[in-house]
Amino acid sequence: MVERVILIVLDSVGAGEMPDADKYGDKGSDTIGNISKAVGGLKLPDMVKMGLGNISGIKGVDKVQYPIGAFGKLKEMSKGKDTVTGHWEMSGVILEEPLNTYPNGFPKDIIDEFEKKIGRKVIGNKVASGTEIIKELGDEHIKTGCPIVYTSADSVFQVAAHEEIIPLDELYKICKVAREMLVDDRTVGRVIARPFVGKNSNYTRTSNRRDFALDPFNKTMLEYIKENKSNVMCVGKIEDIFNKKGVTEAVHIKNNMDGVDKTLEYMKTDKKGLIFTNLVDFDMLYGHRNDPKGYAKALEEFDGRINEIKTNMKDYDVLMITADHGCDPTTESTDHSREYIPFIAYGKDIKGGADIKIRDSFSDIGKTILDLLQVENNLVGKSFKDIIMK
């Protein structure tokens, strides 16, 4: 009997363009396949053994005759291609309308109100890469003390500040002000604190980022599990994505490997329920920066930890590895891409070689997890428990 699911989201590790990718400017995007082509092949032996290369239409990864895990891929039903939309959908919340984006920066009324409430002028207010904007405006920020506000193709309001100019506590308070403002017809998916350090135009972002999300619009997989008196243990930015709704405990992480370490720490306890992990380096450090070599290395590093994860699994555990969207580092765009997400599952009770094929919605993951944990629910989605269980 399954009593715990370990769900690991490899942030942005897409498995090829979705049929509507052209509507999002993402025709030809294929995060895994194009990275593999760019670096002369990916070496992911443990995910390959589980069936990664057996997923229908996946490119650049070896197929095996007898996978030890279940495998497949899922379509995004929601309108959008960002972190919040992807994680919410896999947890049972489908967005009929995309969250607001601000391709020309934020309107004057929003900025004026924000400046008044925080007692500081802001600089920036445009679409920008986070690493580029601190290079461009970091010196001015240090001279003036004005926080840097910027956005991207996603539904985000980002505030960058030097940790010695605006201390972390104050930066987080500033972001909470923005979060309270950006609702209703101004809604953004996330307000993100982006602290950095350094001097003289040589700045680097720190791992003290914080995401301030919205409450999910409907009840999620997490809330159903928590209400069932079970544990929802979140690693990385998961608790921020769900605005703590349905979370019983959480830990933030410094990088992917720290995320694996923290996941293992939860696995070594006897706590039943869900361990929900997001590993963001793929997206943040390599996808958005169009660095296929760095991305490939990060994938190979993660694959190198899978044996350790498997060794620490209990008989009642099921491991699931998936993604939330794409972010193909080989295309001109530095933004997310509208892609299928891969899915592999492993455990004592999982049928090796089980193919879930192409599912109609990420929400099938959440529905299946609740089914495995025997939690009654009204979640959208279709469970594939019967396909993957022995």
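Positions of Cβ are set from backbone N, Cα and C atoms, glycine also.
Residues or ranges marked as Mn(2+) 1 binding site by Swiss-Prot on the basis of sequence analysis: Asp11, Asp324, His325. Look at Swiss-Prot and you will find Asp283, His288, His336 tagged as Mn(2+) 2 binding site.
There are 30 other Cβ atoms within 10 Å of the Cβ belonging to His336 (Mn(2+) 2 binding site).
Taking Cβ-Cβ distances under 8 Å and a sequence separation of 6 or more, the neighbours of His288 (Mn(2+) 2 binding site) in its chain are Ser129, Gly130, Cys327, Thr334, Asp335.
Between the alpha carbons (Cα) of His336 (Mn(2+) 2 binding site) and His325 (Mn(2+) 1 binding site) lies a span of roughly 7 Å. Within 8 Å of the centroid of the Cβ atoms of Asp283, His288, His336, where the record puts Mn(2+) 2, the same chain has further Cβ atoms from Asp11, Ser12, Met284, Gly287, His325, Cys327, Thr334, Asp335. Within 8 Å of the centroid defined by the CB atoms of Asp11, Asp324, His325, the record's Mn(2+) 1 site, lie the Cβ atoms of Val9, Leu10, Ser12, Val13, Gly14, Asp82, Thr83, Gly86, His87, Asp283, Ala323, Gly326, Cys327, His336, Ile341, excluding the listed residues themselves. Most Cβ neighbours within 10 Å among the binding-site residues Asp283, Asp324: this distinction goes to Asp324. The Cβ neighbour count for His325 (Mn(2+) 1 binding site), using a 10 Å radius over every protein chain in view, is 31. All chains included, 24 other C-beta atoms sit within 10 angstroms of the C-beta of Asp11 (Mn(2+) 1 binding site).
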